[in-house]
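Copied over from TrEMBL, here are the features:
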REGION    53-75  region 'Disordered'
REGION    623-645  region 'Disordered'
TRANSMEM  20-42  transmembrane segment
TRANSMEM  94-113  transmembrane segment
TRANSMEM  125-150  transmembrane segment
TRANSMEM  171-194  transmembrane segment
TRANSMEM  200-219  transmembrane segment
TRANSMEM  231-251  transmembrane segment
TRANSMEM  281-299  transmembrane segment
TRANSMEM  320-342  transmembrane segment
TRANSMEM  380-399  transmembrane segment
TRANSMEM  420-444  transmembrane segment
TRANSMEM  450-475  transmembrane segment
TRANSMEM  482-499  transmembrane segment
Amino acid sequence: MSSPRSTMSDSIREMYQFSVVDYCMFGGMLILSAACGIYYGFFKRSTNTSSSSSECEDEQDHLPEAGVPAKKPTNTFGSATIDEYLLGSRKLKAFPVAMSLLAGYISGVTILGTPAEIYNFGTQYWLIAVPILLMGVAVCTVYLPVFCSLKLNSSYEYLELRFNPYVRSMASVMFVINQMLFLPMVIYVPALAFNQVTGFNIYVIGAIVCVVCIFYTLLGGIKAVVFTDAWQVVVMFISVVVVVIIGTIALGGPGVIWDRAVEGGRIDFFNFNPSMYERQTFWAVLIGGFFYWTSYNAVNQTMVQRYMSLPNLKTAKFSIYMFVVGTAIFVSVCCYTGLLLYGKYYDCDPATVGLVTTSDQLFPHYVMESVGNLRGMPGLFIAGVFGAALSSLSVILNTTSGVLLEDILKGLFRVTPSSLVANIVVRGSVVVLGLAAMGCLFIVDKLDGILIVSATLAAIGNGTTGGIFTLGMLVPWSNTKGALAGGIAGALLSGWISLGSQFASAAGEVVPHKLPVSVDGCIAELITNTTIVNPIYPDESGVFPLYRLSYHWITPIGVTTVVLVGSIVSFLTGPRDLRYIDPELISPVVHRFLPRESFSYFGTANKGPTCVSEEMQTQTNIPVDSSAPYGTAANGQNGRVKAHN
């Protein structure tokens with residue numbers, strides 16, 4: 001016989017089932033996504049095979065020989081070239097790319113996980129908007145000028161130019177593993193939300209999401225990904241904002257929500273507790289958030305690939321600034337949503353009475369209970385969550401396929417495939433990765449707290465790769481041995497902390513201390529035969545200290561370990577002679593500390609047909625001395641001269 005609370009849960013679900021309008025909105029989102037792949041794969045293809053269209057590119061490289069007609073695309077399936085498929089021939093616009101960056105990072109994990117975080121632990125996490133903005137400044141001044149100057153297809157190519165192929169392989173393999181671990185979680189989030197509001201099978205809907213995403217990513221490449229993301233982020237933002245506005249009005253306005261949050265102890269922006277064991281503190285959010293966001297957005301190929309799809313440094317900076325402002329706004333909306341959820345359930349917690357089984361179901365449950373009677377609203381919300389998931393999934397599929405080609409096949413195995421083989425590898429990787437993600441859904445279904453799980457998984461790769469790139473760009477004397485030693489040390493330490501904390505959490509040795517909730521306002525049917533007890537938290541003093549750390553500190557520890565170990569090992573094994581280093585491989589913020597002799601080697605590390613854009617020239621800080629034997633005025637145009645043999 002059914003328990004009263006399960007009967008009540010079924011009654012809520014029966015009262016607010018998906019209507020025809022809801023299914024139409026949801027289905028329309030899937031159809032539009034697939035249509036983008038068809039459009040950009042067949043009707044909006046480039047008509048030439050130029051591999052790049054940078055504004056500062058030597059146009060003579062692409063002029064046909066006398067009497068020889070220009071080449072036409074030989075590939076009739078999807079994009080004309082691999083460069084068009086992966087980078088959009090570097091012709092994309094700032095605004096669509098900014099929206100794609102926003103949509104790719106603000107996934108369903110953020111939409112469902114962030115409100116639950118605020119509901120359970122208070123508003124301290126809301127300060128994450130500050131490091132997001134600071135991250136934009138750091139990316140544009142420290143890391144982006146290097147990538148834009150080198151014009152690389154993959155960010156990990158930099159590591160081979162700066163160090164050697166082994167460092168590149170280590171970082172790229174780590175990236176692929178990290179993305180494969182994250183893929184099923186991206187699919188599970190919208191499937192969970194859809195199941196919550198319709199009862200539809202999680203695995204079936206997950207398969208549908210994968211098939212649609214594989215389809216339009218396979219056909220349209222980065223163009224389909226970017227422009228699909230652009231309109232999906234609009235749907236995503238509108239869906240959340242409309243639900244928040246309606247919910248705020250229904251509760252009596254922001255003042256009521258704020259008062260209930262204050263009374264419930266949810267308002268806390270300045271917890272200056274220096275303990276690194278507490279989940280959310282002022283220092284953890286600001287420091288940990290800055291390291292996490294910067295490590296990801298500065299060097300991760302999912303982001304760098306879209307930076308490189310833009311024509312020049314100026315456009316890339318503008319796109320990043322739009323991205324960080326939009327992200328800070330959207331994350332703030334999601335944080336306010338957490339207060340809205342508490343304002344609704346401040347006296348009847350759904351998890352305590354069994355209406356939801358995980359914290360990540362709170363927001364979908366709220367949507368169905370509060371606005372589910374308005375036709376189209378559940379469909380709009382689910383379309384937004386699915387749009388966020390599709391955008392993240394498509395970016396990962398497209399980017400990872402490029403890394404498998406450029407860094408694994410070409411970089412690690414030193415294979416130079418033909419155009420046909422490269423197309424098969426890239427598109428085949430999209431299919432295989434998508435299908436593998438579907439097969440891993442059952443693992444994610446057993447996890448709780450998707451926000452922290454995703455953060456800890458990403459922290460292993462982000463902290464290590466972020467540290468290696470930082471070592472290479474900001475520590476000029478670092479060498480290959482230092483990079484390898486630092487990378488291994490950072491990966492082992494951050495992985496040890498991440499996995500150890502997960503095992504300790506699974507064993508019940510470490511339990512997050514949630515803020516108190518109440519069921520005093522619940523109707524009698526929900527609390528009948530329900531035993532309400534105050535949570536008893538275990539004594540964590542006996543747990544290994546590193547396993548008790550807040551997840552915010554994992555990335556800073558990883559980055560710091562890589563830089564410190566890498567710098568020390570470089571000194572012990574013989575630091576690099578700065579007189580012979582290519583300044584193009586070093587961040588412009590460090591150029592003033594390089595010896596003048598080094599600038600005679602500017603641009604020699606990358607043997608490809610690269611150039612320094614006008615914007616890049618203003619960033620290089622090349623010293624000019626008319627009396628010196630080396631200098632931009634006397635030794636070459638645009639600050640680029642050949643090395644002296």
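The backbone N, Cα and C atoms fix where each Cβ goes, glycine too.
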Sequence-remote partners of the transmembrane segment (231-251) [C-beta within less than 8 Å, at least six residues beyond its ends]: 29, 32-33, 99-100, 102-103, 106, 111, 257, 326, 330, 333-334, 336-337, 340, 343-344, 366-367, 370-371, 374, 377, 380-381, 383-385, 387-388, 390-391
Contact yes or no, the transmembrane segment (281-299) and the transmembrane segment (125-150), 3+ Cβ pairs under 8 Å, gap 6+: yes
Stretch with greatest number of CB pairs under 8 Å, the transmembrane segment (94-113) reference, 125-150, 171-194, 320-342, 380-399, 420-444 candidates: 380-399
Range from 125-150, 380-399, 420-444 with the greatest count of C-beta pairs under 8 A to the transmembrane segment (320-342): 125-150
